[in-house]
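K.L.:
Questions regarding the structure given below will be posed in turn.
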Amino acid sequence: MILNLIILLAISIVASASNIAAYWGQNAGGDQQTLGDYCSSSPASIIILSFLDGFPNLSLNFANQCSGTFSSGLAHCSQIGSDIKSCQQQGKTILLSLGGATGNYGFSSDSEAVQFAGTLWNKFGGGKDSERPFDDAIVDGFDFDIENKDQTGYAALATQLRKYFSTGTKSYYLSAAPQCPYPDESVGDLMSQVDLDFAFIQFYNNYCSLNQQFNWNSWSNYARGKSIKLYLGLPGSSSSAGSGFVGLSTVQRVVASIKGDSSFGGISIWDISSAENGGYLNQLYQALSGSGSPAAPSNSYQPNTPLTRTYGGSTATASAYISVGFTAGATHGSTTTNDLLAWIDSLFGSSQSSVQQYATPVQSVTATPQPVAATTTSAPKPTASAFNWFGWFDGTTTSTTLQTVYSTVPADQTVYVTLTTTVGSQMLQSLFDKRDVIAEAKSTNLQICWLLFIPLLALICS
């Protein structure tokens, strides 16, 4: 009865579209824990042991796990075997992955591959052998992570494994881990000739990653009419892949766009030790289950703490006020402090300006799923350096309009800011050169025509 419940649980897990499949064994995160630890603490429902990186002459590699050997030199991993059984009792599906990016593996012919199927079944499956690396633990299937572009024998191997599976007393699975370019150069024949259960597609280290030329449709078309489940393969951190790591907001956007695909099975991760760091794995699970949506951003922001920067002995201070509105279909614009009264005040201004006409805080409006009313925030008063006639003397009043700011809050929005600064005569750089925006300052320049205005002013005053 208990065995039947476990089998039913395993079947329901692999049929779900909210699965996390995680590779374990290569310590990509640098502090790999035991298999049992991850089964108990992580939301992963499928864990793939990596790797059986040598065959037909067997060689296992689990990085900092498993140091025992049989007399033949084959790895003897009793702890992993014990953990496999514990994981399976918790409803986890455990696969053994063949291949990897490095290793010494491959077949010279289909017949050699068919013969090797018996070795896999007897040493890791439901068969019998005097040297079983995981003792009496039986894996739930095999994964083909072939990356050497030699496709000889793998379709024959998988076909023969299916025959062995049919004699077993539980469900077994076959999977592949293709690179995202379709068709894959190493397992393309296998995937076209054999019915597989899962494809853990590596959408990283290639041009077809999520933030580039994402090609899910190519794989979805391949899966049409098949029972295979496609997994969105991601690196667990920026250090666990050469390229292709993306933030949670990108994953959420992509998952939302493909979750309705009947072939979508979930997310696969390389690898679990790196994805556990910082809680990324749990965030991915929440994104899949629908509970990981970011909180709606506030529609107004208080000004940043004034920033003070010094260049060439001159000091400048500025505060940025942001007002964001979310109104579908509207437009956006910006204004700066540059009216007539402000100009007149700058001619005879003291260190504190008394002008009451100031720029309206900039409002940016853009479409979002949940519109809210736009708000405004009072802008700070502009200041001007003392006795600043036409920019002839010590200071120059500069009005700076920032370019578009793309907010880091997890929503699709565009924010515009208006920034008013008072700068010294030697102030040449933007106050915000280290920020996530680019400011272009345009200072008031002395025009030669003003020289004609001085005699006229003297005549009027006399």
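A Cβ is built for glycine as well, from the same backbone N, Cα and C atoms used for every other residue.
What Swiss-Prot records for this protein is below:
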type	residues	note
SIGNAL	1-17	signal peptide
DOMAIN	18-291	domain 'GH18'
CARBOHYD	Asn57	N-linked glycosylation site
ACT_SITE	Glu147	active site, proton donor
K.L.:
Quick one: of Asn57, Glu147, which of the recorded positions has the smallest count of other CB atoms within 10 A?
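P.N.:
Result for the recorded positions Asn57, Glu147: minimum number of other Cβ atoms within 10 Å at Asn57.
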K.L.:
Looking only at C-alpha atoms, tell me how far Asn57 (N-linked glycosylation site) is from Glu147 (active site, proton donor), rounded to the nearest Å.
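P.N.:
So the Cα of Glu147 (active site, proton donor) lies 18 Å away from that of Asn57 (N-linked glycosylation site).
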K.L.:
Averaged over the domain 'GH18' (18-291), what pLDDT does the predicted model reach?
P.N.:
97
